[in-house]
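Residues or ranges marked as domain 'Tetrapyrrole methylase' in TrEMBL: A:1-240. Among the features that TrEMBL reports, S-adenosyl-L-methionine binding site is placed at A:Leu9, A:Asp84, A:Gly87, A:Ser112, A:Ile113, A:Leu163, A:Leu225, A:His250.
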2 protein chains.
Amino acid sequence: MLYLIGLGLGDAADITVKGLQAVRSCSRVYLEAYTSVLTVGKEALEEYYGKQLILADRELVEQGADEILKDADVTDVAFLVVGDPFGATTHSDLVLRAVQAGIPYRVIHNASIMNAIGCCGLQLYNFGETVSLVFWTETWRPESYYDKICKNRAAGLHTLCLLDIKLKEQSVENMMRGKKIFEPPRFMTVSQAADQLIQIIRKRRDEGAELGLTEDTVCVGVARLGADDQVIRTATLRQLVSCDLGLPLHSLVVTGQLHPLEVDMLRLNAEPGALQHLRTVDSSTYTS
Amino acid sequence: MLYLIGLGLGDAADITVKGLQAVRSCSRVYLEAYTSVLTVGKEALEEYYGKQLILADRELVEQGADEILKDADVTDVAFLVVGDPFGATTHSDLVLRAVQAGIPYRVIHNASIMNAIGCCGLQLYNFGETVSLVFWTETWRPESYYDKICKNRAAGLHTLCLLDIKLKEQSVENMMRGKKIFEPPRFMTVSQAADQLIQIIRKRRDEGAELGLTEDTVCVGVARLGADDQVIRTATLRQLVSCDLGLPLHSLVVTGQLHPLEVDMLRLNAEPGALQHLRTVDSSTYTS
């Protein structure tokens, strides 16, 4: 049996009881280590689970699936994923390979940013399409997520922005030289994400485009959601540029139309002045 | 401290280790019993947690919040919610009341249908706005969710449809007479949901409207997601009308544009012929 087990979002104790039982019963346990991270590392998890973990980087999962699935028809193998196992495309691929090899699989779910973000006070059913913000390079400055955010906002919907994670990345130089030297990990902060969005807003303004969001749009920055020291910060995009929410992981929500109860919840963690630009559209809705 | 603790989706063992520790440390433990259900009842949970649970119906949560929060500034109180605590609006209300009363609160997250639905093989970031399907009555047949589904599909996005749950509902007659007699619980099935959607499609067709979805649109019905006996069924809307997915809870996904990897995953649980209407738009996308 292949177990795909979600670890949740905080630390070792965020695994479910069912998940922990499965981990302890498996002969090999892989820890997916490239799409997200917990606030604790491999060693802390090993101690908590009482099991040795094998780190599974992108290369192993995408090219070494046979190694992960080896003997999983006669023994139990666990594949641990931060959050829920079905956040990232590559894990569908692992499931398909298991099925092709006649290996049964089972999913043990857990919280992921896709649902836990609800704790900031915005209603999950008022979210539109989720977007990803990637680190810009000198030559690659994609803006497509900006248009998706605007589309969501035009429909009154909030947008969850997942922020880029670079783990085990090679520099172009090292890649071209075939050197397996990896850059230090990088995690996009809410401040960096807000700055990118504002750069796009300014560019679009210069181009005379109608703006779907502005520097005064109310956003919510979150850091280490689910951990003891999580931070939730409601602020305008402009304010968020200078907010330091601390260690990774960070995520950002750009609000759409706000229900009064959502505003009340946002107020619990709001920067001074953040909500002053909200206009009451009618007795039941706000926008900014 | 007020703990809001997600129970996940299956049975008693789907609580997180952190959640279980919190439950066991609390002096009063409420089980929210009106927005969702597990595959096991209150007694099974009590035995598993080693704690007596107090059932919290809508009336208690919405009008008796003071009772729930009583002494929570000096003792620990847990409020258990199937799935994750921030699916339903009313729990924001409980948090706000706690904050107003100076009671600290903590959220312990878990899987909910909003993220666990990813296990059907559709990518979570390809979902648009989530909709709710309610039981129609003789005089009330809302169709607004149909238009939201069409809007999502027009943008290439999938739609998660949450299906109605009626717990402790009074008949109009009993309500008017002030009799606290409750109807048996009702849970909308995938078959009923598919039937409602087809009725709307036919009505719109008769009205000459352009159709955003048809009887042949590929959908995914799920039942008891996360439980040992979960069912995932990919089928056309027409096929789903005659699919019996068994006991509650059921949910439905109406697909948007499909990525080849999503199609491969859907195929694992597909009714014969369900995917034959898929058209390849180009090398990387499908639609139906």
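Cβ from N, Cα, C; glycine included.
Unlike curated entries, TrEMBL annotations are predicted automatically.
Fair warning: this is a prediction, and the values are worked out from it, not measured in the lab.
DSSP assigns A:Ser112 (S-adenosyl-L-methionine binding site) to coil in the three-state reduction, outside any helix or strand. For chain B, the nearby binding-site residues by a Cβ gap under 8 A, listed in sequence order, are A:Leu9, A:Asp84, A:Ser112, drawn from A:Leu9, A:Asp84, A:Ser112, A:His250. Spanning the residues A:Leu9, A:Asp84, A:Gly87, A:Ser112, A:Ile113, A:Leu163, A:Leu225, A:His250 that the record associates with binding S-adenosyl-L-methionine, the maximal Cα-Cα distance equals 17 Å. Its Cβ taken as reference, A:His250 (S-adenosyl-L-methionine binding site) is surrounded by 24 other Cβ atoms within 10 Å in the chains shown.
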